[in-house]
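**Student:** So that we are looking at the same thing, I have put the structure below in structure tokens.
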Amino acid sequence: MDCSSDQRQMITEPLLSNRKGGIRTIPFILANEAFERLASFGLSTNMIMYLTKEYGMDAAQGAQVLFLFSSATNFTPILGAVLADSYVGRYRMIGFGCVASLLGMVLLWLTTFPEARQPLCVHLSHSCNSRSTLQLVHLYTAFGFMAIGAGGIRSSSLAFGADQLSITNSLQRARIRESFFRWYYVTVTASVFVAMTCVVYIQENMGWMVGFGVPVMLMILSGLSFSLASPFYVKSKPKASWITGLAQVVVASFRNRSVELSTEATVEVRYHATGSVLAVPSKRLRFFNKACIVGNPQVDVTPDGNALDPWSLCTVDQVEDLKTLIKVIPLWSSGMLMFVNVSQGSFIVLQASTMDRHITSKFEIPAATFLSFAVLVIVLWVALYDRIIIPFVSKIKGHPVRLGLKKRMGIGILLSTTSMAALAIAESVRRETAIKEGFSDRPDAELHISTFLLLPFLALSGVAEAFTPIGQNEFFYTELPKSMSSIASTLNGIGLSVASLVSSFMVRAVRDLTKVEGQESWVSSNINKGHYDYYYWLLASLSFANFLYYLVCSKSYGPSMEEQRNIVADESY
């Protein structure tokens, strides 16, 4: 009854009757994001099969291309956020992203026409014609436009939706915004799952031309759904970027490097923002304190209290914002290797393509669809954790209980290490089966071994993602000031981007170092002669070392804001 009452109250809120914005615009924004994710993940999930089958790339080369594409796709939203906040606005950035993504997907779809690429190759063999430079330029140009488009849409979609609900600061609208965030992430997750199943199935059964044409149509729907509500959107004007504020602290500190800092807090005059509660900067990273020292009030500050040159004088808040960001960087970096583990999906698709994927005698699951199991595990675990485990433990304890954010991040990193060990074992069994069945020289042959051998890895990987990335997002939002909330939302994207570059470097290094005369490299195109299990054991070993690094970073960080609040709460019980 309460839920129905709340819903009726939301419908009658003035939010709907306002000329601009309101919850009436949210379905269009969610549809725009949903169709974009459907289209992009529908293409990228199975792309390794397209590159090896139709472009004759070996497994390592194809994976490197996809690592670089993933890195660009995760990095462009950061650039898009800066441009949207500082110059063009979120509405125009999303519109630009829709156009760029559509252009990239059309170009990629055109590569499926025989005139645009070489003849069909024998899967994972060397009997392919050489690729022309023009064909590769066409392919990489399509990837480039898709990465730029994703940056335009994903950088601004969530914030643009929140803009529609920011007409007032009432508690009612705060609840509506919170509901929008939940629905946003549910929509994104559901779209990725459908892309990994339905779109991939179409590609496997109807061919690449139809399979790549479907994302084009989905992207058209994405642009249309966004533009239909254009007259009703709240279109906030650009403002100063957070990157500019942080850069000003660095530049001002360097310019004022000759300033001597006093150990007495009352000696120096510091520049404060209006309404700031910070009287003095902290003692950590004291060099940056020079950015907020007022040398001559008559020269450095205007009569209305503003800094004459923001690149020479910054507020105490700006200085502390930069220090806080620097403080979380070690913990942020400790989660990067987990993203490297997650990015191995291309190789997993190749493994699954050689295994028995039949559910029934007539129905076979596409190899790339198996990756969706990890997405399903994430959703199920989050629901189980939030709705069953935590309420049950809280009921036993007699007071609210939650697993600490730092503990959740550590558990996720450890589970990710375990998942790579499980994947290495599964690959060792798969490879031995291929050799026993006489398929050493036939990497495209289907083995008499079920793809469900990969499920332990996918389950552990999914739970790990439910712990660490989600825990990191909450941790960054908790630790960083509210003024840096946009930074908190982009840190994981930066981590994913860097992890993809690291993955590309590692694959290249492993291929070059393990390929000797008369012997295949660990990441050979012939996965039956290669040793992908060794490669996964290498990742598992690095992941365990990274877990130890995380423990050191966690201890040196000291009590987090959440832990300090929990200490106070525990003392009250």
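Cβ atoms are placed via backbone N, Cα and C, with glycine included.
According to TrEMBL, the transmembrane segment annotation covers 65-84, 91-110, 139-162, 183-202, 208-229, 331-353, 365-388, 409-429, 449-467, 487-507, 534-552.
For the listed features, I'd like the structural context: burial, neighbours, distances.
**Tutor:** Sequence-remote contacts of a segment are chain residues at least 6 beyond its ends whose Cβ falls under 8 Å from one of its Cβ atoms, and for the transmembrane segment (91-110) they are 32, 36, 39-40, 43, 80, 83-84, 116, 138-139, 141-157, 160, 209, 212-213, 215-216, 219-220, 222-223, 226-227, 230, 233, 235.
For the transmembrane segment (208-229), the residues of the chain that approach it from at least six positions outside its boundaries are 24-25, 28-29, 31-36, 38-40, 42-43, 46, 50, 54, 94-95, 98-99, 101-102, 105-106, 108-109, 111-113, 153, 199-200, 202, judged by C-beta separation under 8 angstroms.
Distant neighbours of the transmembrane segment (365-388): 45-46, 48-49, 189, 192-193, 196-197, 200-201, 203-204, 345, 348-350, 352-353, 357-359, 451, 454-455, 458-459, 461-463, 465-466, 470; these residues of the same chain sit at least 6 beyond its ends, with a Cβ under 8 Å from one of its Cβ atoms.
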**Student:** Taking 183-202, 449-467, 487-507 as candidates, which has the most Cβ pairs under 8 Å with the transmembrane segment (331-353)?
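**Tutor:** Going through each listed stretch, the top one turns out to be 487-507.
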**Student:** Where among 65-84, 487-507, 534-552 do we find the most Cβ pairs under 8 Å to the transmembrane segment (409-429)?
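**Tutor:** Answer is 534-552, with the largest number of Cβ pairs below 8 Å.
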